[in-house]
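Below is one structure, written out as structure tokens; the observations come after it.
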């Protein structure tokens with residue numbers, strides 16, 4: 001699940017004149033429609049895979065199992081090919097994000113965003129028109145290419161045009177539109193489920209955000225950092241004045257130029273990531289991506305209708321329940337928009353870990369006690385589980401969802417930025433693929449214990465955030481090493497000369 005931003009500003013936020021201009025807001029919203037594409041796809045796949053007409057056409061064995069009177073509640077949807085329909089997208093995203101990182105560096109963030117929308121559009125057409133499983137999977141792979149390009153470029157784009165002071169809030173706009181996309185998909189699924197071609201309408205609906213991004217990307221500016229990095233300093237200066245809303249941008253411009261010159265000296269950024277001084281950023285970004293997936297959130301978002309059917313909700317009721325959780329997800333993300341730059345990253349992560357842990361443990365306990373192989377979960381407990389899932393989703397939405405992306409996007413310096421962020425994106429997609437491909441089988445074999453499995457990971461996440469994660473709120477990216485990593489009790493050991501390089505007063 002994905003949100004993200006980083007600033008290119010050096011000095012403190014107060015030192016660099018900048019307004020929150022309409023240009024920045026509009027460009028951020030247009031770019032964040034990449035998140036809407038991603039979110040719609042997350043939400044649509046779970047609803048479509050619960051539709052009888054879709055299962056009958058592409059996965060007839062699952063259709064038979066689903067309607068078998070004595071079929072095990074936990075194993076109705078256990079089918080590797082069905083899981084591949086969902087997970088293949090993320091496998092493609094891993095590969096495509098590598099090419100996207102190269103494209104970002106060579107051709108700019110704007111072109112990469114445009115390519116993301118084109119990949120997505122072709123994938124949508126193939127999915128909506130699919131006549132066999134092969135067309136379906138190829139379409140998903142192309143959608144994955146769009147996700148890989150979008151998730152690589154959009155966070156970098158937003159981060160590089162955002163003033164430091166508003167970095168967190170603007171960044172979370174990406175995750176906010178991911179949640180809006182999930183909600184929109186759940187609503188579409190609810191109204192198309194009973195239609196004979198409902199699955200085609202649902203899958204084809206992804207073209208709307210893709211078209212918006214394709215045409216909107218023609219209007220956005222390229223980031224000053226990308227322009228300067230690619231040898232267009234005059235255009236970079238002009239763009240910087242436009243997005244900052246002030247004429248006095250020379251200090252920020254000079255710092256971007258200096259950072260770019262240093263970055264150009266790094267011939268092999270991926271090799272540079274292996275240096276000891278890059279370990280704090282690389283380890284932190286990678287672990288956050290793993291943790292984000294092992295909260296179990298994508299289980300809820302991918303397979304919400306399937307999960308609710310397992311708990312005894314009928315088809316329409318399960319889709320409506322998915323709409324409820326999607327609504328909670330969107331509303332709760334707004335908390336992150338307004339609080340991330342005030343309360344800080346660590347506070348939200350630790351509080352949410354506690355909240356999600358309790359919700360997962362209680363949910364697992366209810367299912368273990370009351371949902372057996374062939375019975376329906378008693379109605380009062382089914383609604384209690386729905387409430388607990390909403391509690392879980394809300395905690396994730398204002399913490400590990402957006403911040404799991406925001407923090408990695410803040411912490412890499414320019415010389416390893418695209419390479420480092422590629423590692424974060426690819427790590428996220430790899431573990432999203434693993435969870436999506438394995439969940440229905442895990443549910444079949446682990447039953448209610450799967451919730452205890454994820455709650456164990458959430459406990460580890462909370463401890464990690466408390467002990468090892470530094471606060472990055474309000475720190476510009478060029479001073480991240482000096483003000484964050486070299487002052488941290490553990491990570492300062494990665495800098496041999498940290499005692500001799502204190503921040504300037």
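Each residue, glycine too, has its Cβ placed from N, Cα and C.
Source: prediction; values computed, not measured.
Residues or ranges marked as transmembrane segment in TrEMBL: 20-40, 81-99, 111-131, 137-158, 170-191, 197-221, 282-306, 318-340, 347-371, 383-407, 419-440, 446-469. For 27-473, the entry in TrEMBL reads domain 'Major facilitator superfamily (MFS) profile'.
Of the candidate ranges 347-371, 383-407, 446-469, 383-407 has the most C-beta pairs within less than 8 angstroms of the transmembrane segment (170-191). Ranked by Cβ pairs under 8 Å to the transmembrane segment (20-40), the stretches 137-158, 347-371, 446-469 are led by 137-158.
Same-chain residues lying 6+ beyond the ends of the transmembrane segment (318-340) with a Cβ under 8 Å from its Cβ atoms: 3, 43, 46-47, 50, 168-169, 171-173, 175-176, 179-180, 182-183, 185-187, 189-190, 193, 300-301, 304-309, 348, 386, 389-390, 393-399, 401-403, 406, 473. Outside the transmembrane segment (347-371) by six or more residues, the chain places 73, 295-296, 310-312, 336, 339-340, 377-378, 381, 384-385, 388-389, 391-392, 394-396, 398-400, 403, 447-452, 454-455, 458-459, 461-462, 465-466, 469 with a CB less than 8 A from a CB of the stretch.
The list of residues near the transmembrane segment (197-221) in space but at least 6 beyond its ends in sequence, with Cβ under 8 angstroms from a Cβ of it, reads 23, 26-27, 30-31, 33-34, 36-37, 40-41, 44, 47-48, 51, 53-54, 110, 113-114, 116-118, 120-121, 124-125, 127-130, 143, 146, 150, 157, 161, 181, 184-185, 188-189, 239, 242-243. Non-local neighbours of the transmembrane segment (137-158) in the same chain are 2-6, 27-28, 31-32, 34-35, 37-38, 41, 84-85, 88-97, 99-101, 103-104, 109-110, 112-113, 115-127, 130, 170-171, 173-174, 206, 210, 213, 220, 223, 405, 409, 417-418, 421-422, 425, 428-429; each lies 6+ residues outside the stretch with a CB under 8 Å from one of its CB atoms.
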